[in-house]
Amino acid sequence: MTKYIFVTGGVVSSLGKGITAASLGRLLKNRGLNVTIQKFDPYINVDPGTMSPYQHGEVFVTDDGAETDLDLGHYERFIDINLNKYSNVTTGKIYSSVLQKERRGEYLGGTVQVIPHITNEIKERVYRSGRETNADVVITEIGGTVGDIESLPFLEAIRQIKSDIGRDNVMYIHCTLIPYLKAAGEMKTKPTQHSVKELRSLGIQPNIIVVRTEMPVSQDMKDKLALFCDIDTKAVIEARDADTLYAVPLSLQEQNMDQIVCDHLKLDNPAADMTEWTALVNKVRNLSKKTKIALVGKYVELQDAYISVVEALRHAGYSFDTDVEVKWVNAEHVTAENVKELVGDTDGILVPGGFGDRGVEGKIVAIQYARENKVPFLGICLGMQLASIEFARNVLGLEGANSSEINPDTPYAIIDLLPEQKDVEDLGGTLRLGLYPCKLAEETNAYNAYNEPVVYERHRHRYEFNNQFRPDMEKEGFVFSGTSPDGRLVEIIELKDHPWFVAAQFHPELVSRPNRPQPLFHDFVRASITNKESK
């Protein structure tokens, strides 16, 4: 029978529930269990696709085209699985589904209420995740903090699941904070006690408490928490700040967290073999070289907006025993006069995806600098579109060349709406989303990176390269190294007379893994290291 683990949070948000859930997933997978994982977000948006990155951070896209929470990126990177649209559920999705059923008359004329209709829908999403993946274990993270009004239906639903399928098949893990008061020189357990009290008042008794802390938690403090929270002392797990995220699974294993989980759920599996993971962490902690990459974006104040990009750069660096330092460059501040000052000390330049016109001209200036000064360059989504526009303006001499997204009246729409997008009115969920094939041209940097004729990558865009400009740009050394199999859509571009200048319409960062870097990032970082060594 499928087992269910629920991860909740208390005291404050951003405690690392997602990392805790992902780390536990890795440990259970390495015990030979088939693990799937999902995130429940209590906001009323249907998905984060139309939310500002400042509100929510990065939008992570799954193979099947779901726009999801950035925690799914952690899940995929840690557990090394590909998730799907059932892996991220919001209040908006739940209510939308219930209202559609009500309109179809599925409730037989009854009054539709939070209990049982909303809670039943939430439970069905939990069970469906297990059914769709044939999982041995389903880990579900509940977003937000215990005490939030928005979370109440989700907490009630997961409370009911224990009654529905039995206590041996359900486990509750609560993540909290033990703050350190510098003035008093003390760590305080009271916030955790109150958070657990709140959770218990809702009918949920946590089986494990994971305490986030800056300082070591003494045995006396663990005993105190165990007493007041009514759990075993061994089930108080310390989650101290780590030097690398990838060390967290090893820390949890040292404290026998996965064994406690297996004992409670009556799973008789051998201990997790973390040899390969330990080697990865040792490598990460002992990188001997450095390279610096400029990330030129418009959301640089909130680095979570580019979290998968940064992780993909790091993964690529691990292959070369190199620590990749990201220099954050605000695209709005970049001008032709100061671009050398802002990016001249870096070994490579990356322009990530985005929407809208803010910061676009600064990104184009940075791309021009990379092209003219032979600096390794990687463009992603909007970065690929702007690389095309920069080339059209400054090599072909097409003054005013632009994207019709940025300037609908441009005389040269190098980037234009996909034909199927022309009549689309809704913004949410209507982009070209998910996994699509890309055919690679031989004897190109793109082909050399993948070493395969056809690859599959995840997309999230509405605009595409305008094919009427292809012949003129090709004559000037602009290479279309990746296209859709029918040749209609441009997927990857690069430059002939440049050490390494590649840009992709898709989002390669979404499939990178710490032990298996994404090929374009791998070769981009290698080119950046070569550039540094040649200076």
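Count begins at 1; order follows the chain as displayed.
Backbone N, Cα and C atoms are what each Cβ position is placed from, and that goes for glycine too.
The model shown is predicted, which means the values in this text are computed figures rather than measured ones.
Here Swiss-Prot flags 1-267 as region 'Amidoligase domain', drawing on sequence analysis.
Just so you know, the Cβ of LYS188 (UTP binding site) picks up 14 other Cβ atoms within 10 Å once every protein chain is counted. As annotated by Swiss-Prot, UTP binding site applies to SER13, LYS188, THR189, LYS190, PRO191, THR192, GLN193, LYS224, with the evidence given as sequence analysis.
The feature CTP binding site is assigned by Swiss-Prot to SER13, ASP148, ILE149, GLU150, LYS188, THR189, LYS190, PRO191, THR192, GLN193, LYS224. In sequence order, GLY10, VAL11, THR176, LEU177, ILE178, ILE209, VAL211, LEU225, CYS229 are the residues near THR192 (UTP binding site), counting only same-chain partners six or more apart with C-beta under 8 A.
Sequence-distant contacts of ASP241 (ATP binding site), defined by Cβ-Cβ distance under 8 angstroms and a gap of at least six in the same chain, are THR213, GLU214. Under DSSP, ASP241 (ATP binding site) is assigned to coil, being neither helix nor strand in the three-state scheme. The annotation ATP binding site is assigned in Swiss-Prot to SER14, LEU15, GLY16, LYS17, GLY18, ILE19, ASP71, ARG240, ASP241, ALA242 on the grounds of sequence analysis.
Applying an 8 A CB threshold to same-chain residues 6+ apart, the list for MET384 (L-glutamine binding site) reads ILE492, ILE493, ALA503, ALA504, GLN505. In the three-state DSSP assignment, the secondary structure recorded for MET384 (L-glutamine binding site) is helix. According to Swiss-Prot, the feature L-glutamine binding site maps to TYR54, GLY354, LEU382, GLY383, MET384, GLN385, GLU405, ARG462.
Remark: ASP71 (ATP binding site) has LYS17, GLY18, ALA21, ALA22, LYS39, PHE60, GLU141 as non-local neighbours, by Cβ distance under 8 Å and separation of at least 6 in sequence. DSSP classifies ASP71 (ATP binding site) as helix under the three-state reduction. Swiss-Prot lists ASP71, GLU141 with the feature Mg(2+) binding site, giving sequence analysis as the kind of evidence.
Residues annotated as domain 'Glutamine amidotransferase type-1' in Swiss-Prot, with sequence analysis given as evidence: 292-534.
The active site annotation in Swiss-Prot covers HIS507 (among others), and the record cites sequence analysis as its basis. Sequence-distant neighbours of HIS507 (active site) (same chain, six or more apart, CB under 8 Å from its CB) are VAL61, SER308, GLY353, ILE380, CYS381, GLU457, ARG458, HIS459, ARG460, listed in sequence order.
Under the DSSP three-state reduction, GLU509 (active site) is assigned to helix. The Cβ of GLU509 (active site) has SER308, VAL309, GLU311, ALA312, PRO352, ILE380, GLN518, PHE521 as same-chain neighbours under 8 Å, each 6 or more residues away in sequence. Annotated active site per Swiss-Prot: GLU509 (among others), in sequence order, evidence recorded as sequence analysis.
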Among SER13, ILE149, PRO191, GLN193, LYS224, which are recorded as binding-site residues, the nearest neighbour of GLY383 (L-glutamine binding site) by Cα: SER13
CB contacts for LEU382 (L-glutamine binding site) [other CB atoms within 10 A, all chains]: 27
Length of the line joining the Cα atoms of ARG462 (L-glutamine binding site) and GLY16 (ATP binding site), in Å: 33
Alpha-carbon distance [SER13 (UTP binding site); ILE149 (CTP binding site)] in Å: 14
Binding-site residues compared (SER13, SER14, THR189, GLN193, GLN385) - highest count of Cβ atoms within 10 Å: GLN385
GLU141 (Mg(2+) binding site) - helix vs strand vs coil (DSSP): strand
